[in-house]
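Undergrad: Can you keep this structure in mind? I'll have questions shortly.
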Amino acid sequence: MVKIRNMFTPKSNKIGEGQKSLSEVVLEIEGMTCDHCATGIEKKVGHLVGTASQKVNYPEGKGIFSYDPEKVSKKEIIDTINGMGNYSVKKELPASSNGQGTEEEVTFSISGMTCDHCATSIEKRFEGHEGLISKSVSYADEKGTFIFNPDKISRQEIIETINKEGNYKVQKEIGGNGNLERADPGQHDLIIIGGGSAAFSAATTANELGLTVLMVNAGLDIGGTCVNVGCVPSKHLIRAAEQVHRAQHSPFNGVSGANPTFDFKATIQQKKELVAALQKKKYLGVVGDLDNITILEGWARFVDAHTIEVDGKPYKGMKYLLATGATTNVPDLPGLEDVGYLTNETLFDLEEQPEHLIVLGAGYIALEIAQAYHRFGTKVTMLHRSERILRTQAADITDDLTSHFTEEGIEVHTNVSIQKFEKNGDAIVAHTNEGTFEASHVLVATGTRPNTSGLAIENAGVNLNKTGHILVNTKQETNVGHIYAAGDCTDTPAFVYTAAKEGKVAVLNAFQSTGDMVDYTGLPWVVFTDPQIAGAGLDEKEAEEAGIPYETSVMPLTEVPRAQAALDTRGFIKLIRNSETDKLIGGRIIAPEGGELAMQVSLAIKAGMTIQELADAFHPYLTLSEGVKLAAITFNKDVSELSCCAS
């Protein structure tokens, strides 16, 4: 069951000064589903005269109650809980003890040893450590047993001594009953800061390894950007907008366009229902029955390299994964804060359709939203400071998409310098070097920045780059040995699927020292405009920068039978090959549903296929995928002179 904690601590119902002694009872309680249930029980029992304190723990399913037996009985406390309806006391548990012995024994599973000398080396590290009574490390058993005085040396200090140098790492504490337990009482094996794709992938991987996980989430709801304010809502609205557009524009004789009935508010409401359903099914539902995973809502900040604080309460972890994601990078423009603006985090919940939307930016988020809302009937003006849209891509791609946008009626202004914003009644006015633009709403889509500024990350000693991204190596390790990072808060490709892979790799390296790395070779990606832009591998500029001799072929969709039959020949397919080896090294596509071709290109690159092998492969006729085959043939032949299905 997912455990969602709040940090509310109820006040004790204090008894009078005359109270001589208190009794304590520990009860196992069934029926709680969240921390709110625990709080409700505490408040109800707290109303009984004679109760001194009550602490109910939802994740552990128990409550500890201190009371004056002369004023209230144990039975009255139990009857009060049972009388609340959904809760029942299953049994009384043994009372907790606050005493602590002078001698404790702990056994750790230790990785990284390659011989008996390694075991001896670990033992020698503890020479002169006050409080360590004995140590016995076994290379063959991959474990070490330590007897110590907890008043003089802690479990954590033993762990840090083992981990501090070389390849040795404490993986788990081995309990006396053979089960794996936490390395310190109250310490989690893994603390994850974040609640998106990287975080959930890491959490489920850790659960498979039997690890205890605390996931601390704040800002966006559980699920992060993708399900809440990114991939899912945007693609839903894009498809709805396409439906409106296609109903109005038919290329076929005998099929006339019509104005469909369109309810913007109903479309947004359906989007909200979809987001809620997927959040429940794909995130909360995934970890719903995993007792090892606890979800805590609140802002985390580092106290030191091993401790975080959430709402004033400290938490310790053996290992950490930072997966805090990214958010809109709002530019510092005069008047912008005063007039108010939207981002993708707020726009998709707006139930009143904007009349005129100024879009700041021309990256993939700006482009997808601009076209979708234009097709809904909103007037859209794009203002961008660079010389062309989607400037990370080659000019042939971006010029083609720009022409399709302007043909639809979307205003695209590049090389724009914004001087200030101001209000004119209900309207927002943007003053620029190209004149003034007036609209009802402004959308800021000018890129993202990592969510690292509020972590007090300097207290942990983790290094950031100039843009605030967490620096990691190919194994997702930071410069601090037990702290890892994954997803958009790092300077790796910012996709939900790469974030998930990075989260998994981080956990495997942290707890199993697998040496796994994320291979971005042939990484596929899609921009969901219409026509879509998609790619995998290198483009011409990247090949040149890598010193790879290359050649390109371009197959216009006017020569692809599927596009001809659909009467939609917008775009082209471009392949890039190593001119010395004939191997495919990259591809770029602009085409209706062009994203469906990205994986074919990606797999061909990963498999090391040559252009000749791609050209020789069977492709089903009258599919868009045949365009990739034709683009491969184009390196050596003019396909316009070939018959259908020719090789």
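The backbone N, Cα and C atoms fix where each Cβ goes, and this holds for glycine too.
The structure displayed is predicted, hence computed values, not measured ones.
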Undergrad: Can you tell which of G447, G454, G461 TrEMBL lists as binding NAD(+) with G361, A362, G363, Y364, I365, A366, L367, E368?
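TA: Candidate in the recorded NAD(+) site: G447.
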Undergrad: Which of these links to C226 by a disulfide bond in TrEMBL: C118, C231?
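TA: TrEMBL annotates a disulfide bond between C226 and C231.
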Undergrad: Given D488 (FAD binding site) and C226 (disulfide bond), what distance in Å do their CA atoms have, once rounded to a whole number?
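TA: The separation of the Cα atoms works out to 11 Å.
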Undergrad: G361, G447: which of these binding-site residues has the highest Cβ count within 10 Å of its own Cβ?
TA: G361
Undergrad: Where's the emptiest Cβ shell within 10 Å among the recorded positions C226, C231, I365?
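TA: Across C226, C231, I365, these recorded positions, the one with fewest Cβ atoms within 10 Å is C231.
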Undergrad: Near K235 (FAD binding site), which residues of its own chain have a C-beta under 8 A away, given they sit six or more steps off in sequence?
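TA: Result: F528.
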Undergrad: Measure from the CA atom of C226 (disulfide bond) to the CA atom of G361 (NAD(+) binding site) and give the result in Å, rounded to a whole number.
TA: 20
Undergrad: Would you mind reading off the Cα separation of C226 (disulfide bond) from I365 (NAD(+) binding site), to the nearest angstrom?
TA: 12
